[in-house]
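S.K.: Here it is, the structure in full.
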Amino acid sequence: MEILRGSPALSAFRINKLLVRCRDARLAVDDIYAEYIHFADVSAALDEDALSRLQRLLKYGPSLAEHQPQGRLLLVTPRPGTRSPWSSKATDIAHNCGLPQIKRLERGLAYYIQAPQLSEPQWGYLAALLHDRMMETVFTRLEEAAALFAQHAPAPVTLVDVLGEGRGALEAANLALGLALAQDEIDYLFAAFTRLGRNPSDVELYMFAQANSEHCRHKIFNADWVIDGQPQAKSLFKMIKNTFEQTPEYVLSAYKDNASVMEGSAVGRFFPDAQAGRYDYHQEATHILMKVETHNHPTAISPWPGAATGSGGEIRDEGATGRGAKPKAGLVGFSVSNLRIPGFEQPWEEDFGRPERIVSALDIMTDGPLGGAAFNNEFGRPALTGYFRTYEERVDSHNGVELRGYHKPVMLAGGIGNIRASHVQKGEISVGAKLIVLGGPAMNIGLGGGAASSMASGQSDADLDFASVQRDNPEMERRCQEVIDRCWQRGEENPILFIHDVGAGGLSNAMPELVSDGGRGGRFQLREIPNDEPGMSPLEVWCNESQERYVMAVAPERLAEFDAICRRECAPYAVIGEATDALHLSLDDAHYDNRPIDLPLDVLLGKTPKMQREAVSLQAAGFPLNRDGIKLAEAINRVLHLPAVAEKTFLITIGDRSVTGMVARDQMVGPWQVPVADCAVTTASLDSYYGEAMSLGERAPVALLNFAASARLAVGEALTNLAATHIGDIKRVKLSANWMAAAGHPGEDAGLYQAVKAVGEELCPALGLTIPVGKDSMSMKTRWQHGAESREMTAPLSLVITAFARVEDVRATVTPQLQPARDNVLLLIDLGAGHHALGATALAQVYRQLGDETSDVRDAGQLAAFFRVMQQLVAQGWLLAYHDRADGGLLVTLAEMAFAGHCGIDADIGPLGDDALAALFNEELGAVIQIDEADRDAITALFHQEGLADCLHYLGTAQPGDRFILRAGERSLYSESRTTLRTWWAETSWQMQRLRDNPESADQEHASRQDDNDPGLTVALSFDPKDDIAAPFIAKGARPKVAVLREQGVNSHVEMAAAFHRAGFEAIDVHMSDLFTGVQTLEGFHTLVACGGFSYGDVLGAGEGWAKSVLFNLRVRDEFEAFFHRPQTLALGVCNGCQMMSNLRELIPGAELWPRFVRNKSERFEARFSLVEVTQSQSLLLQGMVGSRLPIAVSHGEGRVEVRDAAHLAAIEHAGLVALRYVDNYGKVTENYPANPNGSPNGITAVTNASGRVTLTMPHPERVFRTVSHSWHPAEWGEDGPWMRLFRNARKQLG
């Protein structure tokens, strides 16, 4: 093992945060220094050249002050027996850089701690503070890290002696292996193996437990029910399926695949052909995938990997739909207990304790969203909507006074995708078809996830919780998706016959499901499974939940073609079996020459005993809200601080919201980029205005008083969130229903039945809505010992509804941004039928009450009519602004609209009744719309025609200025500055950012919100975007070739190719593997573009691993150098491509002064819609644009310009190499956050070389070449956004 020191790992503010944590824990630590340490497992000693090359590889990241370590060492590494994603990707880079003798690289974090006063027990506590025990371990000597590379002989299979010891042997195995088998399932297995006349293996039992867990089989939703002594006619699942039976329109696939599919639009899908790699549009029906998953248990145990693999698993579900599909846009949601932010605790937050094995709500919301965002970011999927709720209280609910809250959290991951019409249904698996696992190797992680997720937290052994934690490697999943893309893009020639993702239960669930669904059996070879940990037993190899894997069937004659695709995409795969005619499953172990699995499929997946559920109905008593002492001003302040209501910027800007170039509506609204969007909208393609929309509905606290109302409101809210998008027929809207409950808790089972019936049998059929997809999680309870007291925390019955719809015209979507300069009217549409119920509202929660009567869907007919009217108003363009009423009631609806419009409001709520608190804070369904005064009569008439006249209330107007005024007639109820309200609303997000990120950055952003004079994004163009300067050259018919270059992990190449294609280029897909193998060269190209993403997951510095793979490969290095020295060539590097090319400066003439691009000052991935100024420079791509100020998509974690010193910066400026700078909304060059999202000096965010032929930019012009893909834009812009000029300049330069 070679040990190599790396660079310092922690910035000053990170060190300071650690010291503060130590102080808070009463640990006397004087100083901490941390640096990376690299460990190389080598097959042969490294010679001088190889060692030098390796040392260069391992020099990466920002330049921080390093010094000789002092103090005691605590070395944090991945747990021995696991392999980190960092290791996988760093090892790939080493191999591509000519270091084949590197068997494996691994990285540790060495803390050198000066703390002479600490006792040994305190050192142990400090070590616990510094690492995540679920993923890491701590050594005290560098040499101990050799344990990371220890090799063990394969463990053998274990037999369970059922024939000798009887049923008791199964009961013992059930406990020892954490199988979570019910008694009737043990009976079933005992009978089955007695009949087979042999003993089961541990792997067979484990496989059975995973395949038949509640998590996988949904036994409760398929059970027979008896409620209050009365047998029920339908199971829960049958009631859900009733929605499809009543409204099957537009649904193409439901209940039978990894995701459901609904009818989409006929558009031009843009992708390269299989032969020449030439990008073009392919006009075809493009249908819409829908999927929403939960990943609750893993997120409670270890939030980052739990949430990351939750998003990753849902993405795989989409990609593995039909015969292969394309994930497109995602959503993420969280329900947790109270945050109790240190120093910012709220009056309603009490600490009720929690089990040691799960983390706090604050830790979940610090790390979980980062994990979910990181996976989506690195995979290349924009995360465009979500929700966040906190609840934790002692309440008098259905079962009397008890603790209700989300110690077991909800982690929701969902999204939309697209699929070809011919691939919606899976194919047929022929006998002899090759059964393949695509993706990463098996590792001893995530064991028992399906069974563990099916238990209440506290029931399983802590070691089993430990074992069920998973690891994420999104860059690997991206490679696998590229393989799937290459396959579906072949159309009828798609080599994939059948595909499933690998999720809960690992291969033990995925492979039986694959062959069984295909009507076949399977014969498998254990030792053909790629395996990074040879010491694993057959059970561990077959059942582990290593992520980023798919299983599929490929015909033998197509295997060579499939192999070539995988090699090009650097995606590992293995043929591990073949399909058989006999419906039998066998797994042979060549190492031990035995057969760990030898089972008829019907034993594994046959008719296991059907669950019978008996339940008793309970009804919460409910007590009217005690309003003594509740003052309106204080109530507003409290409600604006409740996380479900408060600003969620800290959850949003960590996630890429522009990748694909097809995002038409993200969370951020208007020139002030306020996170208040009601729904997410994407374009169906890069050449149309058809699209897809998704929104969420969720009112879980209401279930503490009324189960059915809570479910109905979730459906209603999803609809009101979607209503201001141009959809048309309500039957176009399809729902996902995700049900979370504490099964078996008194009252909850009957409540679940009531809720499902209310939605599946009543409301959805009445509205014409279908629920073709969903998920259930039935173990939402935690138990622990609190001193001498046993405690339980039970989540409310929680239904999260996600609404999906095809969009007729994405340009018509209306946002909450008020237009104060118009002669306008604000109207409330109240669907509460005059009810102002305050039970289980935000107001009740912040005063630690529950209340009695709750909101509800008062009239399904009125809700349907409301949707119809909104669709007419949207289609006609009569709405100026729209926002639904939800958490926080009318007060929050109006406030958020004012925030988005940066304006004042004068609202008269007198007509809503004498009870101002009830009028402002009830959460009945409804919306506020802003219209032109001139259209008022026509719009009112429309409401009358639909029978909604009584729902319509005139409120007042939006006005320029800063005053937020509420009146009852002439009587003033409340007057406050909108800026003050905005500050209150943002404080929760600010405090979370301060804890998690660089507090200096968080403080700067919070200060910027308090500038009432902020003009918002202010655009000034020095050219006309409608002027197509490339048109004369396109007219000549010649399309010069542009090499659209990507490396493994790059994810922004398609929109880049589309932008160049529109400018008149022939865009060619070029993978780095094409250059390494010599299949492709750069000789025939005039233009080279390196695209954005996460090459190699950015593990050796953003873009640095990619660059070094060029620099250390002599032939490829020469090819790049020749290209850059060739006259008349152009090159563009964007984001990751910018980082990569900046590290090729030694090959590029006139690039000697280029800076490095390193970690953002905030030390967080930043996704922003930023204002930049085009500066005077040599850049040929920015000619004619100088002086323009225009918005652009920013998405990076390492974009800060780093120079050697002040003289270096001055030289860059003097040489005229600066091409773009960040400016604030006043047009001034800035280093302030977030206008400058990465802290680059002098606002520098793009540079060029001395000739102007090579331009590097961190922001993404290719993602906003269409106006429709801007988060906000001036109303007068046409189809082409102003950044299209950059690509047309390129075409003009080539003549």
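First residue shown is number 1, and so on along the chain.
Yeah, the Cβs are placed from backbone N, Cα and C, and that goes for glycine too.
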S.K.: Going by the Mg(2+) site in Swiss-Prot, where Asp678, Glu717, Asn721 are listed, which of the candidates Asp517, Asp532, Asp859, Asp884 is also part of it?
M.R.: Asp884
S.K.: Out of 304-326, 1224-1246, which range is noted as region 'Disordered' by Swiss-Prot?
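M.R.: Of 304-326, 1224-1246, Swiss-Prot gives region 'Disordered' for 304-326.
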S.K.: Can you list the residues of the same chain, besides Asp678, Glu717, Asn721, Asp884, whose Cβ falls within 8 Å of the Mg(2+) site's Cβ centroid?
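M.R.: Surrounding the site, in chain order, are Cys679, Ser695, Leu696, Gly697, Ala718, Leu719, Thr720, Leu722, Ala723, His883, Ala886, Ala927.
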S.K.: Please work out the mean pLDDT for the residues of the domain 'Glutamine amidotransferase type-1' (1042-1295).
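M.R.: Here the mean pLDDT over the domain 'Glutamine amidotransferase type-1' (1042-1295) amounts to 98.
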S.K.: Round to a whole number and give the Cα-to-Cα distance in Å for the pair Glu314 (ATP binding site) and His1260 (active site).
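M.R.: Per the Cα atoms, Glu314 (ATP binding site) and His1260 (active site) stand 27 Å apart.
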S.K.: State the count of C-beta atoms found within 10 angstroms of the C-beta of Asp884 (Mg(2+) binding site), not counting that atom itself.
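M.R.: Its Cβ shell of radius 10 Å holds 24 other Cβ atoms.
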S.K.: Work out the three-state DSSP category of Asp678 (Mg(2+) binding site).
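M.R.: For Asp678 (Mg(2+) binding site) - judged by DSSP and reduced to three states - the answer is coil.
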S.K.: So how many other Cβ atoms are close to Arg316 (ATP binding site), meaning within 10 Å of its Cβ?
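M.R.: Its Cβ shell of radius 10 Å holds 30 other Cβ atoms.
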S.K.: What number of additional C-beta atoms lies within 10 angstroms of the C-beta atom of Asn721 (Mg(2+) binding site)?
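M.R.: A 10 Å sphere around the Cβ of Asn721 (Mg(2+) binding site) contains 25 other Cβ atoms.
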